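Colleague: Quick one: the structure is below, questions incoming.
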Amino acid sequence: MASQFNLPGISRIHLVGMPGAGKTTLGRALATLYSLPFRDLDEEIVQRQGRSIPEIFETEGEDYFRQVEADTLRAVVAEHERLVLATGGGTPCFHGNAEALTQSGVAVWLDVPVEELLARLQHAAGTRPLLAALPDADALAQRLRQTLAAREQFYAKAQLRCAHPACTPETVHHMLTRFLHSA
Ligand SMILES: Nc1ncnc2c1ncn2[C@@H]1O[C@H](COP(=O)(O)OP(=O)(O)OP(=O)(O)O)[C@@H](O)[C@H]1O
Ligand SMILES: O=C(O)C1=C[C@@H](O)[C@@H](O)[C@H](O)C1
Ligand SMILES: [Mg+2]
């Protein structure tokens, strides 16, 4: 029911978390439920740069990508008063992006266990530059654990954390409602 998903006072929802956490999937669903525009930061970068993300990493390197990511984040937020934004897996960890995300909206960390990420990414890691070229599932698991350990401190800056392995729009809605009432 549309009225069930009315959230007065929240106009930007920013989803953060590891690759495969479900930011894009959940973001699209939340945007539909709240009748908010949806943007995916990775897709915005690809559109605005006219190149795929692996191509940007390969030709320009990660530092360049992180600058483009930070600039695109600020541009997308400035362009949308109301928005559900799925960020990239590394977005909060660079250029003060975590602060930008919490200051301009409510950030939600999809804190999915590594075992679940592994199951989701095993057949799709090749399209992600930082997970590509790993020899087997053990190496992928180790890379995911290391990456999460380094990133946790940035993800944890989000106002809300959904620790359920398969966070649903309804779960996030209840968290946002409680957050609104406690603010
Ligand atoms: N709640 C869920 N339960 C089970 N599978 C899910 C769930 N959410 C997403 N998935 C699956 O996990 C995979 C990754 O989802 P998605 O692309 O939404 O993640 P992401 O966080 O946007 O990843 P990336 O950081 O790579 O953009 C997809 O195959 C998707 O179908
Ligand atoms: O985890 C990461 O650092 C990344 C995740 C993707 O969403 C892309 O933003 C890019 O491949 C980098
Ligand atoms: Mg995504």
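Using N, Cα and C of the backbone, Cβ positions are placed for all residues, glycine too.
Please treat TrEMBL annotations as automatic predictions, because they have not gone through curation.
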Colleague: Among Arg128, Arg143, Arg145, find me the residue TrEMBL lists at the same ATP site as Gly20, Ala21, Gly22, Lys23, Thr24, Thr25.
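Modeller: For the ATP site that includes Gly20, Ala21, Gly22, Lys23, Thr24, Thr25, TrEMBL also lists Arg128.
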Colleague: Just the binding-site residues from Ala21, Lys23, Thr24, Thr25, Arg151 whose C-beta lies under 6 Å from any atom of ligand 2, please, or none if there are none.
Modeller: none
Colleague: For ligand 3, list the binding-site residues among Gly20, Ala21, Lys23, Thr24, Thr25, Arg151 whose CB atom is within a distance below 6 Å of it, in sequence order.
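Modeller: Result: Lys23, Thr24.
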Colleague: Between Gly20, Gly89, which of the binding-site residues has the fewest other CB atoms within 10 angstroms in the structure shown?
Modeller: Gly89
Colleague: Taking the Cβ of Ala21 (ATP binding site) as the reference point, list residues of the same chain whose Cβ is under 8 angstroms away and which are at least six residues distant in sequence.
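Modeller: The answer is Gly89, Leu110, Asp111, Val112, Leu117.
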Colleague: In the same chain, which residues outside the set Gly20, Ala21, Gly22, Lys23, Thr24, Thr25, Arg128 have their CB within 8 A of the centroid of the CB atoms that define the ATP site?
Modeller: Gly17, Met18, Pro19, Leu26, Ala86, Gly89, Leu110, Arg120
